[in-house]
Amino acid sequence: MVSFFKTPIFILIIFLYLNEKVICSINENQNENDTISQNVNQHENINQNVNDNDNIEQLKSMIGNDELHKNLTILEKLILESLEKDKLKYPLLKQGTEQLIDISKFNKKNITDADDETYIIPTVQSTFHDIVKYEHLIKEQSIEIYNSDISDKIKKKIFIVRTLKTIKLMLIPLNSYKQNNDLKSALEELNNVFTNKEAQEESSPIGDHGTFFRKLLTHVRTIKENEDIENKGETLILGDNKIDVMNSNDFFFTTNSNVKFMENLDDITNQYGLGLINHLGPHLIALGHFTVLKLALKNYKNYFEAKSIKFFSWQKILEFSMSDRFKVLDMMCDHESVYYSEKKRRKTYLKVDRSNTSMECNILEYLLHYFNKYQLEIIKTTQDTDFDLHGMMEHKYIKDYFFSFMCNDPKECIIYHTNQFKKEANEENTFPEQEEPNRQISAFNLYLNYYYFMKRYSSYGVKKTLYVHLLNLTGLLNYDTRAYVTSLYLPGYYNAVEMSFTEEKEFSKLFESLIQCIEKCHSDQARQISKDSNLLNNITKCDLCKGAFLYANMKFDEVPSMLQKFYVYLTKGLKIQKVSSLIKTLDIYQDYSNYLSHDINWYTFLFLFRLTSFKEIAKKNVAEAMYLNIKDEDTFNKTVVTNYWYPSPIKKYYTLYVRKHIPNNLVDELEKLMKSGTLEKMKKSLTFLVHVNSFLQLDFFHQLNEPPLGLPRSYPLSLVLEHKFKEWMNSSPAGFYFSNYQNPYIRKDLHDKVLSQKFEPPKMNQWNKVLKSLIECAYDMYFEQRHVKNLYKYHNIYNINNKLMLMRDSIDLYKNNFDDVLFFADIFNMRKYMTATPVYKKVKDRVYHTLHSITGNSVNFYKYGIIYGFKVNKEILKEVVDELYSIYNFNTDIFTDTSFLQTVYLLFRRIEETYRTQRRDDKISVNNVFFMNVANNYSKLNKEEREIEIHNSMASRYYAKTMFAAFQMLFSTMLSNNVDNLDKAYGLSENIQVATSTSAFLTFAYVYNGSIMDSVTNSLLPPYAKKPITQLKYGKTFVFSNYFMLASKMYDMLNYKNLSLLCEYQAVASANFYSAKKVGQFLGRKFLPITTYFLVMRISWTHAFTTGQHLISAFGSPSSTANGKSNASGYKSPESFFFTHGLAAEASKYLFFYFFTNLYLDAYKSFPGGFGPAIKEQTQHVQEQTYERKPSVHSFNRNFFMELVNGFMYAFCFFAISQMYAYFENINFYITSNFRFLDRYYGVFNKYFINYAIIKLKEITSDLLIKYEREAYLSMKKYGYLGEVIAARLSPKDKIMNYVHETNEDIMSNLRRYDMENAFKNKMSTYVDDFAFFDDCGKNEQFLNERCDYCPVIEEVEETQLFTTTGDKNTNKTTEIKKQTSTYIDTEKMNEADSADSDDEKDSDTPDDELMISRFH
């Protein structure tokens, strides 16, 4: 131990030692850091070298790639061979052809041996310029010989010649690098192709460009200022010439048969630096490839000498994910801001100044954006097939999924040989059947893919065309060079330009944007145009706008220009004004059915027109204008049809007004626009299954049904179904919502489940199985009636009553199509349709309905409705809606969205009238009133004929309403541009819980995203569909839930999976909320006079608190008023506006009653079935002598009025002590609750703030007592239960002992246990035992766990006697006992033997005893 005096010396030594260690440690760390920094610098140098080399390697992969060169050469030879063998022997060698092209580089072939006509085909020696001229010749002669029979052949030839021209251009730098091994010289040689020195000496076809555009702008200004010209946009395009609809040849080709004009177009585009676009077209792969090469040449020093900027090949860029492609582009274009995937590219791009971005980067931005969109569109379209992909999957998994689906294995196979590909049999199969697809040859084999393209592509249907493009896409995404080369001839990469026309603007408006761009350029600068498309030249936006204008407007010999042809085709041929209307009907991966495919220059025209027709193109660069243009895609297209917040009364009356004023011939025009077989498809879209009369027998006529013997008369089926929904709603706040729906009694055990940590997920999507058991039970009880049983079971069904046969057919159809059946309803108002009803009764009913509705709503006005079941044939319905939707898009100048919907409804009414062959003309006919309008010999028909009779009978009255409801759901969804975003929103992890929430309607996400409940009632369904879900007392919630299920099916048809699940899961919760809301709203508005009276009183008191004088003297107290003058000093108390101390004592009385009513209303928190039913559980063994109480529905019952009293007590308590809070609730009553939009958001606010405060108040008041009651109840129940079990188990043993003691006391102590039981063998004991188990039993207490419900005792026998026959009755004389068998019986095995009976009871979906009556079998 260190002494006190030595302590300072010891501390000094310790300090010096630590100091030395610290210094050494610092030195060591410094040395380590130096070493690390050296290593880091070394690694950075290595990485720098790698990055430097990587730039060069990326360029080499484009112009020094042996594999790419090899594949391009192979495809070139395949194309040359196919041109030689092509059935279309063109172009012919005519007089003057040799002056156009160098014949020495072409092969000449005779068409036939006997014919002197010769056609020419290119060779390997043909250059790029030779193929350009060859393409001109083909187009010239194709226009001359065109007819519909050779249309596909022309398209195919034009595609492969354009592909050959692209290959020739791609091979130029590849061949150069192969010869010279110099990257820059290879790029320069490519550049030489577009450097045309001879063009400088030639005169331009439009003369001086500056003068031309000056005159153009003057002409435009004159037209705009001329008030006499009505359609200025059309005049700008067509001029003074009124062009009528032209021949198909003029539509299909951009130019007429004039090679000189084609060359002029090439020269114009070259002069403005657009040569690449002109020769390649908007092919996403080819144009991107050469744009990257152009960028490499322009920035060669930065990319490959200074190496300060990263460089990537186009093929490598496409290999990245959709978000990373933009990161790479930013790195290549040396942008300061790099894109991150957390935000949309549009938002991040527009935040940074991009005004100095080169045109090449702008075009690459456009190409990447629409390649991503193309990729998503292809993947989205797979949802129509049997396998699903999603856009965020890794590329490897997309490939694996695709081949797993096509080949049943992730390994590659030739998809054309698979059974999956052959399902769409629109082609002749020349290959033998194979059990296993060929995996030795790659799926991306150039020869096979090109062979199938040339041989069969034109005959492919939608799915096969999709598979071909998806195969190529998987190769591109996984950096397969063969797929990169194969993409050059696929039409989908040209058609992608169509996706960019999304705005709902007229074509002439888009053209005005191009004119504005030219005006801006002309006023800002007078720039001399370049004379070629030199890749080193900087192309400006002005070059692009002017070049695009000249390309689209050039013409010769008064032949219409491309722009004029396209405009006439839209406005007069198709009779539409918007390009987007045309594009929406075209598929991006489609085959030769697209008319644009006759001439690829149509795609070039659309591409150049698209780049220069964005709204902000005059002020922004191309990419900025593009992103600003698609900004509108994020906004909701709000119309009367799609806007779910639109006031429903206004919407209803507007809809009826439009229907009433639709021209009579508009329906006829719609029929003419449809295909010939569409009307038959409309008839097949729905199949009615459950007949109205069948449901009415169990509902409206339930009192006429004979009750089963010993049981009460059954309640109406719609009442039972409605009660079930309300019961689910009442159980949901306690956490018992849909938990184990098969057994409603399971909620008694849920507290024990929580303690045992056993989780049972709610089965929310199987709620209809419970309803199925209720419906089947009701039908079974009907068939158990004595007279029905005698007719149906014990007599020949040949002479059976039509009504009984209809009942049996309806339930059979329902059972067989249970998963697809939907139930709709209509109002059942007999007096309205019966001519014998006196007029005064009709007037009386109308007045009563008005009085019932005017101060609230029409909730529960009718008890019963007309309920029927049907199923939707989704495939046929989808085809019908697609056709009608395309008709609408093509004819927006004729139809608005509302008028088109009502025209379709009138068309459905016409179809409905074709079913009315059996209906009587008089309205009073019972057949018409109760829909028994089936054939008189209905019961004698066979099953198929009876099903047709049911369908025709129901369709004669309800086809139009039912079909139109399904159609409007699909049409309004397709019309809205918000559904895509909404589906994505509900796919997010934070919103998935909203779909499964039992109170989703009170969550902000549910309301903010559009409240699917309001979407169903006010957007997806027509106005008449709201009647049954409001006015029916029995069945309204059941019907509304079926509306949700129909919406789920419709969303699923449109591949909105998340919205489909949302509707499916909310079919019960939201439907219940709507019904309860309507009932509360109905009664709440009845208190308008009372609420107004108290509001006036409150205003007067507020005036008194602030000024000291009442605004209305009548509300002042008599003691404070003298001679009609108020005493100001007695009232003035401004702080009372927030809290009134004087009324606190009075309010406490109401607080007590509020507390008391909470005990009753909140009992479910601890007692799932309520406190009363919980007490009854103790007496379940006692048979009740009374019938069950009538099931409750969403109406004015005991609980409702108790809640009303609770609300009054709450108001009298808190409104009195705080006027500020009272005014807040008054605002809600008068304003918020009367506007649906405000009411939904207020509900969310009320849940998170006001209700939260109420819940906290309850936690310290009523909830404490309820919890205490629960604990006391469980304690008493457990004590009594244990006592009963112990007594029940001891009772049989006591009886045995008593019996033996009474019969033979002398031998009682000598008897063994089985002797006692043998003595008691003729007795049996039965007791109630719920299989409780006693823990920690001692040896003397083990008998407590020995239990049996029914224990018969068998006399002991010898083991040898077990095999004796029953006739050996004297064997008991044997005295020798070898081994005795046990006299105890294994009751569990006995129960297993009787499992056939017990299993039926265990597995049956027995419904609640408050609702159901046991079946009789």
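Quick reminder: no glycine exception, Cβ is built from N, Cα and C everywhere.
Copied over from Swiss-Prot:
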SIGNAL    1-24  signal peptide
DISULFID  Cys333-Cys361  disulfide bond
DISULFID  Cys407-Cys413  disulfide bond
DISULFID  Cys517-Cys545  disulfide bond
DISULFID  Cys521-Cys542  disulfide bond
TRANSMEM  1204-1224  transmembrane segment
REGION    1383-1417  region 'Disordered'
COMPBIAS  1394-1411  compositional bias 'Acidic residues'
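Only Cys545, from the disulfide-bonded residues Cys333, Cys361, Cys407, Cys413, Cys545, place their Cα within 10 Å of the Cα belonging to Cys521 (disulfide bond). Taking all protein chains in view, 20 other C-beta atoms sit within 10 angstroms of the C-beta of Cys521 (disulfide bond). In this structure the C-alpha atoms belonging to Cys542 (disulfide bond) and Cys361 (disulfide bond) are separated by 16 Å. When Cβ atoms from all protein chains are considered, those within 10 Å of Cys361 (disulfide bond) total 22, not counting its own. Working note on the disulfide-bonded residues Cys413, Cys542: by count of other C-beta atoms within 10 Å of each C-beta, Cys413 ranks first. Every protein chain shown contributes to the tally, and the Cβ of Cys407 (disulfide bond) ends up with 23 other Cβ atoms within 10 Å. DSSP assigns Cys361 (disulfide bond) to a helical segment in the three-state reduction.
By neighbour count, meaning other C-beta atoms within 10 Å, the densest spot among the disulfide-bonded residues Cys333, Cys517, Cys545 is Cys545. Nothing from the disulfide-bonded residues Cys333, Cys361, Cys517, Cys545 places its Cα within 10 Å of the Cα belonging to Cys407 (disulfide bond).
Looking only at the disulfide-bonded residues Cys413, Cys517, Cys545, the one with its C-alpha closest to Cys333 (disulfide bond) is Cys545. The CA atom of Cys361 (disulfide bond) is located 17 Å away from the CA atom of Cys545 (disulfide bond). Counting in whole angstrom, Cys413 (disulfide bond) lies 47 from Cys545 (disulfide bond) by their C-alpha atoms. Under the three-state DSSP scheme, Cys542 (disulfide bond) falls in the helix class.
Classification of Cys521 (disulfide bond) by DSSP places it within a helix.
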